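> Pasting the relevant annotations from TrEMBL:
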- B:9-19: compositional bias 'Basic and acidic residues' (COMPBIAS)
- B:113-326: domain 'ABC transmembrane type-1' (DOMAIN)
- B:1-39: region 'Disordered' (REGION)
- B:49-72: transmembrane segment (TRANSMEM)
- B:116-139: transmembrane segment (TRANSMEM)
- B:151-173: transmembrane segment (TRANSMEM)
- B:193-220: transmembrane segment (TRANSMEM)
- B:252-273: transmembrane segment (TRANSMEM)
- B:305-330: transmembrane segment (TRANSMEM)
């Protein structure tokens, strides 16, 4: 709860800073360079066509998209360029969980003075907090978010006469029932490869892996909420009613295609993945809110989503800031983010019109985006820390062992080990860590 | 190498006549003085350096300097103050040998060393044994389709490790593998190669598949240089083909076998691409499965270049000591004739 008040304080501070900045920052203060400015943009969200719209309208600020492989390699490349002192782009796509690490390595610039005062109002408090880290600086503009939902094969649910689970207890029962009726089929898999997915599950349960207490960090991975989630999944894997294979493998794709993977706890971008991995199952899937721990307090977590940042090496931060502001809050751009890049924009109010129709893959579910908007509002606050990369790789290793061991005790032990590894790394690096 | 200088004075003169021209071409500043006495000597000193300079420059820039920098980094570390946010909150400081102490004492590192020890015990004998067998078969007199055989055996070596790991990965995954489909039809229950006990064989298999070709070519080339009179003599003495292989061919190509052994040992210590590519497919391969994977994780996942540098230096020294230690050990036996 300390976090929530910290979030508010941060938001207030950020707002005041922006007001102050709004008065002084006018784009036409004579420092405009002559001739068109070229900005490079590292992204992997398929934004090429959206950027084309900007380039057509802004001959003086031309943005060149440089396609990246994905979040991790792009961050590695950026940090290397920052370390080297040159070679970084002007603009960088940054996943929310990477922002503390990027800020801590002095890779992304504070653009609080360069944004319009209306910009923060476009985003939910929780999302805005992720780009300010609760401080009065602004390190990025949110682009898309990934509230989590439960995706399932409606046809198979019908065939086996299964009810869509609304609580985790029901989810476990459905998992058992399905696996009993067809031992080849699983309601889901516990993937040791996807730390971000596990973060979302624990976020829903009310966990926040990090916290800021005054001038020090606290690490709360080994918390009652995370243990609860770990024990629950460990139990299901131990029983054998939930699969233990990683996601995003050829085998998992095969499972999505042939119906051995009947459900997927995923995020709003799931239709895109299902469409490319299992195109033949179009129209067979449906989406429902996440099963709940406490039915009286609907909650969800997030998986994925990113913001757009200006790097500290950019020679044109002002122009870059103007572009990322347009990209993520202008109605035309937001519409294009939905239509062209299939993103779920963080500027939820601005994208209401764009999200009227369900995605093609879910054309059978009219209320797709209604449910999405409803669940997005129940996203729980969460704070990422500066060594989330260490926590993530610890997740990969520790939970790989645990899922292979197939025991609930091993799952809890994995949580303990993650806490230890993450704290040790922070202390080793010299961060102030609160016990 | 030293003998031509003491013996070959006439030849040295002869080459001297040609020297000034090359010195002129390669080192223009000294060309003007080339006419005066003693300048030819100077040119003689410069020419080798001029020839060597591209290699020296490249070696310095791309090998020596990075190694030096890694060694420097391995004694440093980064200290963060407070929350570590904002610029200037990170500082690089000296860290003495602390990085080395923690690198060597790290349980994950030790586990990864043990793992590649076992991996080496599987890969090296099987790979070199098969390579030698294939080389001998290709060299045997009655072998047909020699060219075809040579190319087929060599071909896997031309497949990059990442590609071959992906291909094998598909074949290992029970749900998509044609092998498991067949096993299933036959009613056999074959355990997944991605289980914690078998995964080392899964990785080793890829290395063996890719490595046999190269080693076969090295050994086959060595066999080709053996004078055929030896075989004729052996045949006259009544030796069988197997006897010839065992008593003549293998002892003669022993230096080549030792060389391939040293290469294989180094490759084992540096195994990285195959397990890294397979890792997302299996719960049994951790991010620190091999020593180099740990270096990669420390440097690029954890952002700790300093520990990564220390661990790499440890691996480099170990490789050096093992390779040269082994060569010293076998030198007297294998290269004894050349020494004496």
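Note: Cβ is positioned from N, Cα and C throughout, glycine not excepted.
A description of the local structural setting of each listed feature is requested, covering burial, neighbours and distances.
Residues 146, 149-150, 153, 200-201, 203-204, 207-208, 211-216, 218-220, 223-224, 245, 249-250, 253, 257, 260-261, 264-265, 268-269, 271, 290-291 of the same chain sit 6 or more residues outside the transmembrane segment (B:116-139) yet have a Cβ under 8 Å from a Cβ within it.
Within its own chain, the transmembrane segment (B:151-173) is flanked in space by residues 134, 138, 179, 192-194, 202, 205-206, 209-214, 216-217, 273-274, 277-278, 281, which lie at least six positions past its ends and keep a Cβ under 8 Å from the stretch.
Long-range neighbours of the transmembrane segment (B:193-220) within the same chain, counting only residues 6 or more positions beyond its ends whose Cβ lies under 8 Å from a Cβ of the stretch, are 115, 118-119, 122-123, 126-128, 130-132, 134-135, 138-139, 150, 153-159, 161, 164-165, 168, 172-173, 253, 256-257, 259-260, 263-264, 267, 271, 274-275, 278, 281-285.
Beyond its flanks by at least six residues, the transmembrane segment (B:252-273) meets 116, 119-120, 123-124, 127-128, 131-132, 135, 161-162, 165, 203, 207, 211, 215, 218-219, 221-223, 226, 230, 290-293, 296, 315, 318-319, 322-323, 326-327, 330, 333-335 of its own chain at Cβ-Cβ distances under 8 Å.
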